[in-house]
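J.: Feature table excerpt (TrEMBL):
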type	residues	note
BINDING	197, 258, 501	substrate binding site
BINDING	213, 360, 414-423, 425, 450-453, 476, 503, 509	ATP binding site
BINDING	213, 215, 418	Mg(2+) binding site
DOMAIN	284-357	domain 'Glutathione synthase substrate-binding'
């Protein structure tokens, strides 16, 4: 589905689904107004005059008679009174447990801590996910971690695989230029750190777990994934009897702890107690963490011993929450900062090589017959990786391009971009393919074609800006992996938790904060 948590611009509605606004709520001595509309507002007189806690009494006693219980996962059939209670409790839990982001509509949000916050767009209750496929995805994580590392060490493979893309895509070209300079000076990354995320859907027709993409930079939502797990387990613990749900079927999630541990152990391996971990963020980042690329350019330098210093502070680890999109490089200042950090001895998460391994073109190259064997010796691992690959093709393949033109509903056209909202579908894809065919240039190298995956849909209750909506949705599960290596010594190679994004089935894109989807978990079946 794409998307990164740095962009906090949320759409207030979902196309094609019914919306019912919630009214203002008073939490003890303060209030939040979720909707100005009164005609269909919910009211909660029972709790208006008493403080709320996580274990507060329900707003109105839910009907626990079996006649009120919906069929499993038929959330649209939940009794309306019960649904109002669950939504209300979800909003309270989100507020108390900081399942919140900066609110774009509040001017000072993101500049003054605690000002202008709103709950993340979320799925009220988890949807079904086959347990066998879940285990498969988790088992793949350390195999993919090792694959990313091995591919990153083959500079010739990266440069050659992306050579046509370099001529067609300026952003990829600039990244390759930095990579090439590192090769020229024989820059070695003895300590290599990765926090990656592999995204999957289960194809309904083939009943196969198929990989959407591998993310190697700015792998967002580790914390949000853990908070959503907590929310859903809490709601099911409270309402599970009437809903027929068991909170133990929502998998445990340690994503944020594992990510923090990887960064901390990277800092420890660097072995300089004076050094700090630097998080590189986007301009006007609403997460309260910061140094922009431009600020690194202004304040950064490499000391004679190779140490990266920013504002006089030695840096041991650089974690990139920015740098994955052309918008993050509006001037040469940002490119100078990226090059400066790559040239330093600081541990990069990711290094330029790891970043390039995550490009769509490399994903497509690895899916070619015989390529995986170049990097993976274990035949069982090769088979497991191939089993999750969807169809991936270069636009140099004229036969597959023609099939995509004739049957655009079966394919997705992907540029070398991250962050959501970039993929091309349907008639737009057909028109783009025809234009590229007519032009006869290398511009087609900026894209790949991918088999479109059709997962099962399920009914859901979606909550955004305090309003709940009904819709039929599809889910995409992201499995985190953490990897830390110092020369030949592997320190960490783990599956490290998960995040889930859900979107209305009629929507092409699934980024949460750009407004396409919501955060979610899974219920193992």
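Heads up, the Cβ atoms here are built off N, Cα and C, so glycines get one too.
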J.: Given the binding-site residues 415, 421, 425, 452, 501, 503, which lie within 10 A of residue 215 (Mg(2+) binding site) by CA-CA distance?
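T.: Near residue 215 (Mg(2+) binding site), where near means Cα within 10 Å, there are no binding-site residues at all.
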J.: Please report the number of other Cβ atoms within 10 Å of the Cβ of residue 503 (ATP binding site).
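T.: Around residue 503 (ATP binding site), other Cβ atoms within 10 Å: 26.
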J.: If I take the alpha carbons of residue 425 (ATP binding site) and residue 501 (substrate binding site), what is the distance between them in whole Å?
T.: 20
J.: Taking the Cβ of residue 415 (ATP binding site) as the reference point, list residues of the same chain whose Cβ is under 8 angstroms away and which are at least six residues distant in sequence.
T.: 169, 360, 422, 423, 424, 446, 447
J.: Only counting partners 6 or more residues apart, tell me which same-chain residues put their Cβ under 8 Å from the Cβ of residue 258 (substrate binding site).
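T.: Set apart from residue 258 (substrate binding site) by at least 6 residues yet with Cβ under 8 Å, we have 222, 480, 482, 494, 496, 497.
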J.: List nothing but the largest Cα to Cα distance in Å, as a whole number, among the residues 197, 258, 501 that the record says bind substrate.
T.: 20
J.: Taking only the Cα atoms, work out how far residue 197 (substrate binding site) lies from residue 421 (ATP binding site), in Å, as a whole number.
T.: 18
J.: Distance between residue 501 (substrate binding site) and residue 418 (ATP binding site) at the Cα atoms, whole Å?
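T.: That comes out at 16 Å between the alpha carbons.
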J.: As a quick check of your reading of DSSP, tell me how many residues in the domain 'Glutathione synthase substrate-binding' (284-357) are helical, how many are strand and how many are coil.
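T.: Split into helix, strand and coil, the domain 'Glutathione synthase substrate-binding' (284-357) gives 28 helix, 18 strand, 28 coil.
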